[in-house]
Amino acid sequence: MTSRQMILGMQFSGGYGAEPGAWRLPGANLNSYTDMDQFVRYAQSAERGKVQLLFIADTPVLDMDLTHHAPRQAIDPMLLLTVLARETKRIGLVTTASTTFNEPYNLARQFKALDVISHGRAGWNAVTTSDPAAAANFGSPVPPRAEKYERAHEVIQIVQGLWGSWEKDALLLDVENKRYADMGKIQPVNLQGRHVASRGPLPIPPSAQGQPVIFQAGGGSYGLEIAGRYASGVYANPYTIEDARAQRQALRDAAKRAGRDPDEVKMLAGFMPTIAPSRQAALERRRFLDEVVDLDQRVRYLGAMIGLPLGPGQLDRPLTADQLADAVPSPHDPRSARALEVAREGWTLRDVIAHGVIDYHPVVAGTAADVADHMQQWFEAAACDGFSIALDGFHDGFDAFVDQVIPILQERGLFHKEYEGPTLRENLGAHEQYGLDPRVSQQDRS
Ligand SMILES: Cc1cc2nc3c(=O)[nH]c(=O)nc-3n(C[C@H](O)[C@H](O)[C@H](O)COP(=O)(O)O)c2cc1C
């Protein structure tokens with residue numbers, strides 16, 4: 001039994017699953033994109049498994065061709081999480097919102113409202129937004145990176161300032177003395193930055209966890225600094241254990257530089273499991289999902305990954321002995337070594353691709369035990385503090401993960417058997433914070 005246990009977050013996307021072809025899976029509810037009952041069922045399944053949080057990635061743009069693929073984004077993450085807040089009791093509710101294309105007052109108000117509505121289970125993944133098509137929806141280009149991140153610091157600090165604009169005991173509810181609140185404890189914040197400003201206070205009292213938890217995702221050295229200073233959880237996208245360990249160390253160092261304890265920041269590694277009764281069945285499921293994928297383009301990309309000029313004509317054949325002798329993993333794509341390893345096992349190129357070697361997170365297509373083994377290996381190698389799970393298809397994936405994978409992790413002592421408490425902070429092991437972290441604001445004044 002290990003004492004350190006993993007944090008699990010389940011990703012919610014457009015409603016069908018992480019794979020663009022998930023909407024076609026036999027048994028899937030074709031209306032999942034807009035059917036709130038369906039989302040509630042998935043959230044309740046994850047909560048049955050004691051999963052710490054649900055996470056909705058988001059970019060405010062329709063950035064895909066819907067001819068064959070279902071939408072990647074939720075119709076509106078805040079509204080969806082508000083629905084889920086009413087139908088769940090313990091699971092954390094985290095979504096992305098842009099620091100570039102939102103005003104801090106709106107962010108502070110909406111997330112704190114969600115935090116109060118959910119009794120202390122809200123989290124904000126603060127991202128700067130890098131997609132020009134998303135920027136176009138707000139009538140402006142993506143600002144230069146340095147400016148974008150300067151604004152991000154200001155926005156997060158103002159949001160946290162506003163969250164703290166009611167002291168913890170400001171709400172009196174004293175009927176006898178006719179005092180609803182203590183206005184001496186509800187104060188403006190008067191924060192003025194170069195890009196944004198807010199007077200405050202917010203019209204919202206503290207939640208059961210005080211205020212929402214900050215998350216962060218990606219973004220090189222600028223992103224690391226945001227994570228190190230403000231985040232309790234970080235979404236990362238490593239492909240190998242070595243890569244993950246390096247990312248986690250960089251994150252821990254960034255937290256230390258900000259004057260924080262590195263254990264306060266939990267790195268969740270993205271992971272895409274396909275769970276089936278056998279490896280063969282898992283591969284068949286992924287071949288079906290790949291029917292809506294542009295495989296010609298993927299074969300060419302696979303070729304670039306392993307240094308061979310591959311074309312669609314070879315889709316249903318494995319690499320020849322000569323090709324295998326010439327193949328070299330590309331140093332530019334961290335997925336390449338795994339792609340070549342799978343190709344060396346003699347699979348056809350269609351099946352190499354079905355193993356998920358070109359997906360945006362590491363993929364394990366196999367049994368529940370295969371999935372648990374991968375998670376155990378990464379976790380015990382200190383490659384992450386937990387996982388952000390992107391299930392290929394939700395309609396059967398949530399129950400498969402909860403009923404088959406989680407019991408194995410629990411049996412191995414790797415995952416908790418009960419929620420630590422009613423709030424997201426308690427379940428993440430996130431430190432108490434109300435308003436700005438004094439360690440961070442202290443730094444700003446120096
Ligand atoms: C695991 C992971 C999850 C991400 N989730 C989102 C998201 O939900 N929305 C978004 O706009 N960007 C998301 N990003 C993108 C990053 O926030 C960041 O914008 C990107 O890494 C580019 O960095 P830049 O903003 O410095 O150009 C994510 C990145 C990673 C690695």
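Placement of Cβ uses the backbone N, Cα and C atoms for every residue, glycine included.
Automatic, uncurated: that is what TrEMBL annotation is.
Among the candidates T88, T96, T99, T100, the one that TrEMBL lists alongside D58, Y149 as binding FMN is T96. Residues D58, T96, Y149, recorded as binding FMN, reach a greatest CA to CA spacing of 18 Å. Proximity of the binding-site residues D58, T96, Y149 to ligand 1, judged by a Cβ distance under 6 angstroms to any of its atoms, singles out D58, T96 in sequence order. Listed in sequence order, I56, A57, D58, T59, P77, N125, V127, A217 are the same-chain residues at least 6 apart in sequence whose CB falls under 8 Å from the CB of T96 (FMN binding site). Sequence-distant contacts (6 or more apart, same chain, Cβ under 8 Å) of Y149 (FMN binding site) comprise T128, G219, Y222, G223, E225, I226.
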